[in-house]
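First up is the structure itself, then whatever we jot down about it.
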């Protein structure tokens, strides 16, 4: 059976430009911002408001409002950070890695995927700062000359993480914005109103599509992509080392860096699918985001699930192959103890559920793929709970064992960041071109699809 | 300055090639996607600028860590040497990437002639179509009448003359 096309038949550069500009500039019949967008935006703002209240109360009352205590000193704060930063990876994998591989299906997806990366990285960056306890001193992590004569501890993986997140957030913003420049220039020249022309004109920073601009653009974009691909691997490896560098049971493992990269790929592809499937219908993008894209993403999703499954197997194997009885006890308690539902939830949602994607009929059924993607996002959250909470709750010394129950302020903060993610993403979807028009034009060069 | 719009990329390329062959002054193409062919092959200095930015970020990051842990604030942690260089590698890599990406963006603003929100070429009506699918050629020639004659041979959709 031949693979479906990456662009619907009959599409031209002109028709594609008109369609994508119409979505952003609200031209023609769809002049008003659609009701679904306003409904989703209001819902997201509501969730974001809950998060703002949660943070305000945290600033007033301090970390005591959270459920963290000894021995579980890392709770939903670090869990949510690891979960969000993993979600952020999908855009970079699609945009940078598959650009270097020269696959053409990436072209219609990269803008949406990169936008998801930005929004998720923004949410991730909040948690380590709030977790500090005195977040107003977060700048102490910066290595700067100070009157106290103190420097950050460069031998600590937690400081490596600071550099990794800083670089990842800044580089992702620059990579996303750089890729947007030609499309912002297109919107500037097509916009009808003076306000829109000024808005997109300032953002386009004088891009006019000259031969000189394109020549340098191509060179810089390619090098940026070549840097972003190892960067995303380094970020998740360092997140893994945050744990592996500790002597805590269940953490001190050399497989953690690749394990976290696999998990990041799975979460990243899941969120791209969960966002993409409804948006391609709501924004009328079926001609550019075709069944071929859904099929390819489904295969990548399945592959990353198998990689994560391998990491789970190796985790179990190395625990029982190793000499530490505390590791074995902790693993048995993880599988059969108080937090067993979390462990089995992880296995079912991250490993068993995606196996349905072996069937093409399932991969081609959008609601099913969407549900599997949502299931994996929940599963990856449970996996982080399992890694962080069960390890800390069952340390080497049984006399130090404890329990952790998140409080309403930790749940409300999670809800708030979901609101922040959706609010930021909806604003990008509303104001920015959702498909990389300039790249699509190059793909459609010289005629129709 | 003469601004001509063409219906096809090939038409614009042929006109540009003839203008350049005839030494008709400065010739620049404008279009809404990456040009293929000669423009792409012309190369860019920016990858070298990004390499320099990366080396600066990486070396600077490494030296900063070495200075902090050996001179400014040495700490004995588990008997490890003050200059624990393997521990510096992750932050060095991250700062190298950051240096390269920032150098790329900054270099592009300079080399791409960006941040010029107004340019005399914008006065030409056909420039509004350059990022929408037209193929525009701009010629700054001493002999504008001669340049117009050459351009007219390639059947432009529109041809204008603006100051600048």
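Positions of Cβ are set from backbone N, Cα and C atoms, glycine also.
Nobody curates TrEMBL annotations by hand; they come from automatic prediction.
The structure displayed is predicted, hence computed values, not measured ones.
Counting only same-chain residues 6+ beyond the ends of the transmembrane segment (A:35-61), those with a CB under 8 A from a CB of the stretch are 130, 135, 282, 409, 412-413, 415-420, 422-423, 426-427, 429-430. Per TrEMBL, transmembrane segment is recorded for A:35-61 (among others).
Sequence annotations record features per position, and here TrEMBL assigns transmembrane segment to A:81-100 (among others). Only residues 6 or more beyond the boundaries of the transmembrane segment (A:81-100), in the same chain, are considered here, and those with a CB under 8 A from a CB of the stretch are 106, 109-110, 113-118, 120-121, 123-124, 127-128, 131, 165, 168, 172, 175, 179, 221-222, 224-229, 231-232, 235-236, 239, 260, 263-272, 377, 380-381, 384, 387-388, 417, 421.
Sequence-distant contacts of the transmembrane segment (A:112-130), counting only residues of its own chain at least 6 positions beyond either end whose CB sits under 8 Å from a CB of the stretch, comprise 55, 58, 77-78, 80-81, 84-85, 87-92, 94-95, 138, 161-162, 165, 168-169, 172-173, 175-176, 179, 268, 271-272, 275-276, 279, 413, 417-418, 420-421, 424-425, 428-429, 432, 434-435. If you look up TrEMBL, you'll see A:112-130 (among others) marked as transmembrane segment.
As annotated by TrEMBL, transmembrane segment applies to A:159-178 (among others).
Annotation comment: TrEMBL describes A:219-239 (among others) as transmembrane segment.
Distant neighbours of the transmembrane segment (A:259-279): 82-83, 85-94, 109, 112-113, 116-117, 120, 232-233, 236-237, 239-240, 253, 285, 289, 293-294, 297-298, 300-301, 304-305, 307-308, 310-311, 314-315, 350, 366, 369-370, 373-374, 376-377, 380, 383, 425, 429, 434; these residues of the same chain sit at least 6 beyond its ends, with a Cβ under 8 Å from one of its Cβ atoms. Feature annotation from TrEMBL assigns transmembrane segment to A:259-279 (among others).
As annotated by TrEMBL, transmembrane segment applies to A:300-322 (among others).
Positions annotated as transmembrane segment by TrEMBL: A:342-361 (among others).
Look at TrEMBL and you will find A:368-393 (among others) tagged as transmembrane segment. Sequence-distant neighbours of the transmembrane segment (A:368-393) (same chain, 6+ residues past either end, Cβ-Cβ under 8 Å): 71-75, 78-79, 82-83, 86-87, 243, 248-251, 263, 266-267, 269-271, 273-274, 277-278, 294, 298, 301, 305, 330, 333-334, 337-339, 342-343, 345-346, 348-350, 353-354, 356-357, 362, 401-404.
Per TrEMBL, the feature transmembrane segment maps to A:413-435 (among others).
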Report summary line: For the transmembrane segment (A:159-178), out of A:219-239, A:300-322, A:342-361, A:413-435, most C-beta pairs under 8 A are with A:219-239
Requested in this report: Would you mind listing the long-range same-chain contacts of the transmembrane segment (A:219-239), meaning Cβ under 8 Å and 6+ residues beyond its ends?
Outcome: 82, 85-86, 89, 92-93, 95-97, 99-100, 157, 160-161, 164-165, 167-168, 171-172, 174-175, 178-179, 257-258, 260-261, 263-264
